[in-house]
Amino acid sequence: MEVYIVGICIAVCGNFLISISLNIQKYTHVRQSQRGTRPYYTSRLWWCGILLMGVGELGNFAAYGFAPASLIAPLGCVSVIASAVISVVFLKETLRASDILGGALALTGTYFLVTFAPHSSPHVTANMVERSLVSWQFLIYFMFEAILFAVLMYLYKCRNIKHIIIMMLMVALLASLTVISVKAVSGMITETVHGSHLQLTYPIFYIMFIIMVISCAFQIKFLNQAMKMFDATEIVPINYVFFTASAVVAGILFYEEFYGLSLIYIIMFIVGCMLAFTGVFLIARARPSIKMDRVFISMGQIPGKSCTDKVQPQSDDSKYGTLTSKFTCNSGIQQDEA
């Protein structure tokens, strides 16, 4: 089996587990709020969801060690599709025509991405990461990112402009560093496990690890602030598009993943991205309400009073994992505070 296929399988399984986890947590929040008894974090079902989330995140982290970032990042749409299907089947959401069309477009786009994306990238070693960090194309890109981020921060903090595009651009700029550092750390660990050369003795490994943690932390911070100000149906598609674009650009400039790829493959890859973006927009657009009495009856709960709470929990959560923020947004789901 080709190495990139291993990465694809791991990423798909990881995203699928994350979608299951988010729907389990959503159901737990709704059930606990209806019962009005113990906090959600005392529920074993909620902790099962958290465990699945952790396994899924580890899978996505490992996938970057087997396949190019520009191939793994767009597969986040799998989480959106799976979450929509699970919500319809188990949480009794209304199946809309836009869901069917969006799912078909996203699946078609995913097929194009898997087929025409670069299937190989240079082996990620400490020496390779060091060379890429001082390459002229990355230095120019990093300077552009730093200046743009400073301008956005000025608009956001000093001018108090709270526009969703400004928020999502800051998240995407940080996500670009996250993707670069995650692939570097994962790739060096993979090389070490394969036994070709011990990579963990190089200082660059720990530098990239620190960059990964810091960029993830600030990415989560700004994403949480955006979720408090805007509806998830707006953030889901915008975040997916911006994150995927930043990951692809990072893969091109830092890891030279598109080097030697023919023009027709590049064009078809872009078409696949556009189809996946459109599908995610259609699936995430204006999610309907859930009939809570139907949910409880279908899940074996003794029916009580009828309620029509929304699927979308309150947007004041602060619980996101290292890469969880991306996939949580991809699924359009946010957890409630106790």
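From the backbone N, Cα and C atoms, a Cβ is placed for every residue, glycine too.
As annotated by TrEMBL, transmembrane segment applies to 5-24, 45-66, 72-91, 100-118, 138-156, 163-184, 204-223, 235-255, 261-284.
Counting C-beta pairs under 8 angstroms (sequence separation of 6 or more), the transmembrane segment (100-118) reaches the transmembrane segment (261-284) with 3 or more such pairs. Counting Cβ pairs closer than 8 Å to the transmembrane segment (235-255), the top stretch among 5-24, 72-91, 138-156 is 72-91. Of the candidate ranges 5-24, 72-91, 138-156, 261-284, 138-156 has the most C-beta pairs within less than 8 angstroms of the transmembrane segment (163-184). Among the listed stretches 5-24, 72-91, 138-156, the one sharing the most Cβ pairs under 8 Å with the transmembrane segment (261-284) is 72-91. Among the listed stretches 5-24, 45-66, 138-156, the one sharing the most Cβ pairs under 8 Å with the transmembrane segment (72-91) is 5-24.
Only residues 6 or more beyond the boundaries of the transmembrane segment (45-66), in the same chain, are considered here, and those with a CB under 8 A from a CB of the stretch are 3-4, 6-8, 10-11, 13-18, 20-22, 24-25, 27-29, 72, 124, 179, 182-183, 186-187, 189-190, 321-324, 327.
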